[in-house]
Amino acid sequence: MAIREDIVASAAQFLQDPSVASSPIENRISFLRNKNLTQEEIDAALARAGPFPTQNGETPPAHAPPPHPSPAPAQQPQQQYYQPQPNYAWQQPPAPVPRRDWRDWFIMATMMGGLSYGLYTVTKRYIYPMIAPPTPERLEQDKKTIAEQFDKTFALVEQLARDTEALKAAEKDRTERLDTALSELESVMSELKSANRRREDDSQRIRSEIQGLKDSLPAALEAQKSVADTRLKEVNAELLSLKALISRMNAPAPATPAPAPSVLPRTTNGNVNGGSSIAGTENAETDGGTLKPSAEVTKASGRSSPNSNGNATGKVSIPAWQLAMASKGDAEASGSS
């Protein structure tokens, strides 16, 4: 361990004091040790302070160690310095027993009293309440506190039950209204679906009817055209036959009256042609024609009938079978229209 030069210098200066130099060396060494000086520092301080007179008035020998020894061989100067006095130079006396007076006892008693009071206070305030049995007053107070807590808990539970019932009623009402709205919505949706289905069916039927009319219209027009052409041809034929009949009726009568048998067939043929002409004329009137040859035929028959024998008031009668054929032709014309 290195020597602290400043402490060693201070210790050497202290040892050179005359009042200290006159004291025994044991006291000086003990004092330096009480100042926390090591043995090397004490030896160096003694060496720097110089030779000290002993109790017999003798001085140490002249071969004293040098004032500044090196730290490494520190024991060597000690041996050289204390070899002449091995009996008393380094004998350390026992440490004196410290004496205790009334102040020490008073301080100790004060400290013990404070510690005891503090321990008593801590025990009474914190430890004793935890291990001491509860008093009846404390039990009653705890009972009241627990009862109050139970009352509060029960009131809270009842309030919670009422709130729950109100929420359940509101939820039930809302569920019923929602179910009603859903049922109404379903009914409306079903009605809309049925209406849409009916509309689609109607549109499909109308479309099919229109398509049928579109498909059948050309054929109907063609059939009507062919029927009209046929009727026109028949009318033309009847008109031609009527014209021939009129021309025969307007022809001059022969000078000698013709025998009856020869006239009747002609009249019959003429009536037959006339009947067919009248039926054709009625058919033409049914189809919307404006020609009325029946009256002309009657007039012509009244004017130039060969069976009138020159009487102006004579008329040609139409046979029943021709009238039946005419009515049958009218019925067929009305049925076809």
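Keep in mind that glycine also has a Cβ here, set from the backbone N, Cα and C atoms.
Under the heading coiled coil, TrEMBL lists 178-205.
As annotated by TrEMBL, compositional bias 'Pro residues' applies to 62-74.
Here TrEMBL flags 75-92 as compositional bias 'Low complexity'.
The compositional bias 'Polar residues' annotation in TrEMBL covers 265-280 (among others).
Taken from TrEMBL, the feature compositional bias 'Polar residues' applies to 301-314 (among others).
When DSSP labels each residue, the domain 'Peroxisome membrane anchor protein Pex14p N-terminal' (4-48) comes out as 35 helix, 0 strand, 10 coil, counted as helix, strand and coil in that order. Marked as domain 'Peroxisome membrane anchor protein Pex14p N-terminal' by TrEMBL: 4-48.
Marked as region 'Disordered' by TrEMBL: 42-95 (among others).
Sequence annotations record features per position, and here TrEMBL assigns region 'Disordered' to 252-316 (among others).
On the 0 to 100 pLDDT scale, the model's mean across the coiled coil (178-205) is 93.
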